[in-house]
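According to TrEMBL, the protein has these features:
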DOMAIN    5-182  domain 'Josephin'
ACT_SITE  CYS18  active site
ACT_SITE  HIS130  active site
ACT_SITE  ASP145  active site
Amino acid sequence: MESERSLIYHERQRLQFCLLHSLNNLFQEKDAFTRANLNAIAEKLDFNDPSKGTWTPLSVIFKSHHNSLTGNYDINVLISALEDRGKRVIWHDRRNGASSIDVEGLKDELFGIIVNVPVRRYAGLWRSRHWVALRRIEGVWYNLDSDFSAPYCFKNAEEIREFLDSVMSIGAEVLLVMNDKE
């Protein structure tokens with residue numbers, strides 16, 4: 001199992017670039033996405049936004065869809081990045097629980113799972129959200145959280161569902177990343 005884990009690509013957290021790390025971990029490729037790619041997507045979203053607000057000096061750093069210095073990209077950047085790669089995103093209705101996610105049967109259709117988890121840091125003074133990728137690799141599901149020192153291997157489908165139910169109970173959003181049917 002340890003040799004399998006060493007073959008898995010796993011980026012570690014840096015600043016607030018967890019969306020970048022999650023995408024690269026999901027695609028199992030170092031530069032599947034770069035800061036420049038995600039910044040360009042965010043800028044395009046800003047440009048095309050019909051309800052964009054007025055410009056202020058803080059607009060240079062705090063953009064509508066990301067923070068220029070630290071990252072912190074939003075869901076719109078995630079969905080656009082995935083669609084550019086031929087994936088589609090299905091927002092999981094948490095009222096249905098994780099038992100409604102077929103993590104065993106959708107081998108060709110389900111590419112992976114992205115989870116957006118609420119986090120509290122610095123003794124609860126800092127509240128934010130964190131992007132996490134889950135992916136099946138060689139038939140085994142892994143939690144590729146960039147805050148982890150190494151990927152976590154789920155024992156079975158029930159453990160994945162327990163994890164998803166536990167994070168949904170604290171307000172996490174679960175996004176199913178599907179391969180587009182051609």
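Glycine is treated like the rest: Cβ placed from N, Cα and C.
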Chain-internal residues, separated by at least six, CB under 8 A from ASP145 (active site): HIS130, VAL132, ALA133, TYR152
Within the predicted model, mean pLDDT of the domain 'Josephin' (5-182): 80
Local Cβ density at HIS130 (active site) - other Cβ atoms counted within 10 Å: 19
